[in-house]
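*Asks:* Here it is, the structure, as structure tokens.
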Ligand SMILES: [Zn+2]
């Protein structure tokens, strides 16, 4: 991509212009304004050559005669297990029982998640070395992961304890005893466990600057001076550079380098295999490698036998085995013989997502996150916290992979840490947080930099007594218009700064003037068009009747703005199979009128007046129509459908009405009828794992891309609800929704009785959600970095403007940045995201989000301020786009290599010298391997046999717009034990790690990943529990695949059903429940989500992958 932001500053979309000729001008700012000299646009603004308007405009042709052609052959019934079909409750659709996973004998005793993890034979079984992991595990021959670090008893005389916040965590979390605590201000650990695959996460490798040890100001009492906007050059109230990630409570005192922090006394360390004499517990990692003797640390742990309170001798060691395939390593050869033996890796000794999430909740969930300080790492997405906007955008709007950016591109290249922001411009906020203020500057419109067009924001610096301001993005000096003039106080800040959102807040909105509107006209309110497939399949399943019935009431809940009494959105209706039926529902009619268009090759809208109507005015006619539709087509034999002409028709209707809007398409089958966009069945599983696999993800025709461009130009967003019984080519059908900012929902093998709740719930949410229409988003950056790549559901006709026919509060746009110059530590780096959109009421607005980041000259600062969840979001999106053009294996290898480079760079430049045999992870990236492994073994990158081509295409496009919280739970599902916590407790039970080892056969678990929801029932669950939940007398009588729990009047039933409701409420899509019994064949579906285990499709277990990653890192370092 050839973007160079520094040469000529590109006018923004909001550049006032006299003529707005539509989107063919690449952007809103396509024309220079009359008051500003036209900047040289160069290549940015020309229309894309291939982008031509082709749609017919004709409105004059008479509708052709109606009458559906005779039916063709019925389609084959549903046969394939599918994603959406996890929600089927239909066992027949499940995977064949022949592939049922055999439970390994060794794993039989399900380790209780809370039991101290000691020497369960199950451990070895579950990550045994078969197949792909052979080489990896072979490596274990010479390594070990040292046991978890327990908080060691404090050496006497040192006199400092653990921070209170972590102590409280220990009290509430079962596993917390296994984790040491870490503190800022600690010395880098010295690791001498040669040949050990020890893992450590030095939270604070002693940085060169002593200032880094200062507890961040943000954590302390907040000074009033910190709350205001920060101006460039004025410095920020926060910490100089570094601050601990995800730790909000500083320890009582900073520790001098070289000192040791230890855990609370009295907590027994966990079982530890082959603890080397002389090795100590590491003080700062939260899990545990063995450590070498430390000068200041008294007595090393004795032997392994004293670890933990578990009775019994340590595990006998397997015989020494040195694998010839093990990577060459001098360290390995230097090992004393007894260390070369093959060791078990204690799963509790490797970084646990559960623990990290729990720690962050405990440490950061109590205080509001105040955004006044530059470069602050926000709490994790899994932590509930409130946000106070004091000059930077809330993390609900923007999350970054790192909040401290390397000053130079050389540093950035060395670290390989992607610099990206995941932006959710219209994110919904919790009720406690205020929506962005709307600022109205009247006819003059928002104040902007003349050169780079950045909007007024808290970082602009006023000078010359307030008569001018210097742009914080491009340094241009601008005059302050007389009506905006204000005096400065003695600090150089405008005295009205706190009265103006655009001078004091990170996020706010401007009312846009007519200059920001298409054709220089204020927009009309948007319209919704419901387009319903009425072919045989849609009628047969009861879908059409269900949908029409629901719409009658749902239309009362169209999105409305503020306190408006009724929605401004107009509605229209189309039904279709091989032909299209338009309906006139004008309020003056007694009955709706149908007009049929069978010339699908040249789509036009047969009526203008009466097609888009106000719901209240036309209620009687609409109700009559919705009553009649299921009857009209009840006897249809038509099985063929068209698809592209349907979208074309909806788009033409919006164009004729001169408004933006959304099409809701309800579609059942591969569009094989003769028409533009006709598709053929090209599903071919033989392509999997070949170089041609990418074809499965690509659309089979370019027709839909062209159609999507037309839709974007019209502000026509397409939401697609699919009800396939077989392959429908989601990769092709989702092109238009994807490029128009729409959503795709898929309900495979839809049956009303099993799936209506899920479908209706999704539909209600989708119809009611607030949408910004006809939107353009632009991300500006201060000199030194620039946005170079974008991921999400949108269209781009140039390299800077993200065009979104529609954008809702669930959708994110991920933006990647690259250096184009040197950054400096003092001024930091600034981002400004501006979204121009039309509100549901037809108001044109600009939403602005600003974020200031720190810049660093030390790599350690980068690694201390990263956010792994955001990194994974970015990496998954990047990889999921990569499969369109590269073999999946190459994409996987690229991910692994990048991850290894990131960690190797840390190891080389930031970690203290130690044995190459030890895996050292940065504290805030310690979950990178486990999460990355989840991405690698996801259905898109490593599909199991039961995953269809459509499932993969579906998931691929879903992930593209996910926010960080969604990708987090999607890739690493939550597994909640239900009977461990007290029955009266209404709190969500603490999650356990997603591994079969954590399942106790005497318990019941909920597992959710944002799309799927399972209730797993262990075979030895108490009969009383079974009775209370399922109203049957024994485990064997529970219906496998059950989709609904009976409503029973007892505490356990209420609690579990309440928890299910609460989980559903947290997600943007309805998760259908599936009850899975232990040892039942449906259990294989469930196990697919136990992502720490080896997967049936060949995905590595967490432990194996960690070893593999370690090998990769060592290769890079050698
Ligand atoms: Zn500027």
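For all residues, glycine too, the Cβ spot is worked out from N, Cα and C.
Copied straight from TrEMBL:
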type: COMPBIAS; residues: 60-77; note: compositional bias 'Low complexity'
type: COMPBIAS; residues: 90-101; note: compositional bias 'Polar residues'
type: COMPBIAS; residues: 165-175; note: compositional bias 'Polar residues'
type: COMPBIAS; residues: 277-286; note: compositional bias 'Polar residues'
type: COMPBIAS; residues: 330-339; note: compositional bias 'Polar residues'
type: DOMAIN; residues: 446-484; note: domain 'Zinc finger Sec23/Sec24-type'
type: DOMAIN; residues: 523-767; note: domain 'Sec23/Sec24 trunk'
type: DOMAIN; residues: 772-855; note: domain 'Sec23/Sec24 beta-sandwich'
type: DOMAIN; residues: 868-967; note: domain 'Sec23/Sec24 helical'
type: DOMAIN; residues: 987-1059; note: domain 'Gelsolin-like'
type: REGION; residues: 1-114; note: region 'Disordered'
type: REGION; residues: 147-347; note: region 'Disordered'
*Asks:* Per DSSP, what is the residue tally for the domain 'Zinc finger Sec23/Sec24-type' (446-484) in helix, strand and coil?
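*Replies:* Split by secondary structure, the domain 'Zinc finger Sec23/Sec24-type' (446-484) comes out as 6 helix, 11 strand, 22 coil.
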*Asks:* Between the stretches 446-484, 868-967, 987-1059, which wins on the count of C-beta pairs under 8 angstroms to the domain 'Sec23/Sec24 beta-sandwich' (772-855)?
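*Replies:* Per the Cβ count, the answer is 446-484.
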*Asks:* Per DSSP, what is the helix/strand/coil residue tally across the domain 'Gelsolin-like' (987-1059)?
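*Replies:* Counting residues per DSSP class in the domain 'Gelsolin-like' (987-1059), I get 23 helix, 12 strand, 38 coil.
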*Asks:* Per DSSP, what is the residue count of the domain 'Sec23/Sec24 beta-sandwich' (772-855) in each of helix, strand and coil?
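*Replies:* Breakdown, helix to coil: 0 helix, 55 strand, 29 coil.
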*Asks:* How does the domain 'Sec23/Sec24 helical' (868-967) divide up by DSSP, counting helix, then strand, then coil residues?
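*Replies:* Helix, strand, coil within the domain 'Sec23/Sec24 helical' (868-967): 65 helix, 3 strand, 32 coil.
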*Asks:* Summarise the model's confidence over the domain 'Gelsolin-like' (987-1059) as a mean pLDDT value.
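*Replies:* Averaging the confidence scores along the domain 'Gelsolin-like' (987-1059) gives 95.
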